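Engineer: Pulled from TrEMBL, these are the listed features:
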TRANSMEM  6-24  transmembrane segment
DOMAIN    6-78  domain 'Glycine transporter'
TRANSMEM  31-51  transmembrane segment
TRANSMEM  57-79  transmembrane segment
TRANSMEM  91-110  transmembrane segment
DOMAIN    92-165  domain 'Glycine transporter'
TRANSMEM  116-137  transmembrane segment
TRANSMEM  149-167  transmembrane segment
TRANSMEM  173-194  transmembrane segment
Amino acid sequence: MGFFDILDMLGTIAFAISGALMAIKRKMDVFGIFIVAFVTALGGGILRDVFIGNTPVWWMEHFYVVHFISVSVLLAILFRNRIYFLAKSLFIFDTIGLAIFTISGVQIGVSANLDPAVSVVLGIMTGCFGGVIRDILCNEIPIIFRKEIYALASLAGAVCFIILYSLNFNENISHISTITLVVVIRVLAVRFSISLPTYTIKKK
């Protein structure tokens with residue numbers, strides 16, 4: 001298992017825990033917790049693979065990932081009180097997953113010799129859409145459609161990775177730099193309440 005595979009697995013675990021914590025917060029039963037965790041961890045990748053015609057989708061050919069997700073969910077349930085009350089634990093796991101899965105999507109696009117812009121879109125799709133499905137299942141407005149800087153962090157990370165790749169930077173350095181950029185953008189956005197503008201219609 002190479003460095004990229006390890007990163008991908010860490011992203012899967014992070015998103016699985018993120019989904020499990022959200023489901024626990026919404027007081028779902030065990031089945032609901034597992035379903036939300038699975039779609040959070042795998043939803044973006046499934047959508048990406050379907051879009052580029054990569055079937056069977058990734059997790060079906062790497063079924064061990066289901067075991068990792070299952071263990072992650074069980075740990076999240078068993079240690080839910082300790083994990084949940086860590087400062088911004090849901091934010092931390094979600095941000096790590098976003099960064100790693102953004103790289104995963106971009107790298108798959110690059111490996112398939114797709115246009116850099118398409119690779120960036122695949123990165124955003126892989127990084128964000130598991131969380132979109134999670135939020136919908138939990139009856140919340142998806143985080144990428146709210147004021148919070150989320151998809152833009154993924155976009156910045158995807159562009160960063162494309163640039164470093166085109167400049168022939170070491171792959172590990174590209175991965176670490178991209179993850180750092182996404183995490184820093186998310187942390188700064190939350191810390192200083194940086195957000196995109198929202199608009200409302202005034203009632204007459």
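Placement of Cβ uses the backbone N, Cα and C atoms for every residue, glycine included.
These numbers come from a predicted model, not from an experiment.
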Engineer: How about the transmembrane segment (173-194) and the transmembrane segment (31-51): do they have 3 or more C-beta pairs under 8 A, pairs 6 or more apart in sequence?
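Structural biologist: Judged by the Cβ rule, the two regions do not touch, with the required three close pairs absent.
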Engineer: Considering only the recorded stretches 6-24, 31-51, 57-79, 149-167, state which has the highest number of Cβ pairs under 8 Å to the transmembrane segment (116-137).
Structural biologist: 31-51
Engineer: Do the transmembrane segment (6-24) and the transmembrane segment (149-167) come together with 3 or more C-beta pairs under 8 Å, pairs six or more apart in sequence?
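Structural biologist: These two segments do not touch.
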Engineer: What does the DSSP secondary structure composition of the domain 'Glycine transporter' (92-165) look like, as residue counts for helix, strand and coil?
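Structural biologist: Split into helix, strand and coil, the domain 'Glycine transporter' (92-165) gives 60 helix, 1 strand, 13 coil.
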Engineer: Summarise the model confidence on the domain 'Glycine transporter' (92-165) as a single mean pLDDT, whole number.
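Structural biologist: On average, pLDDT over the domain 'Glycine transporter' (92-165) sits at 92.
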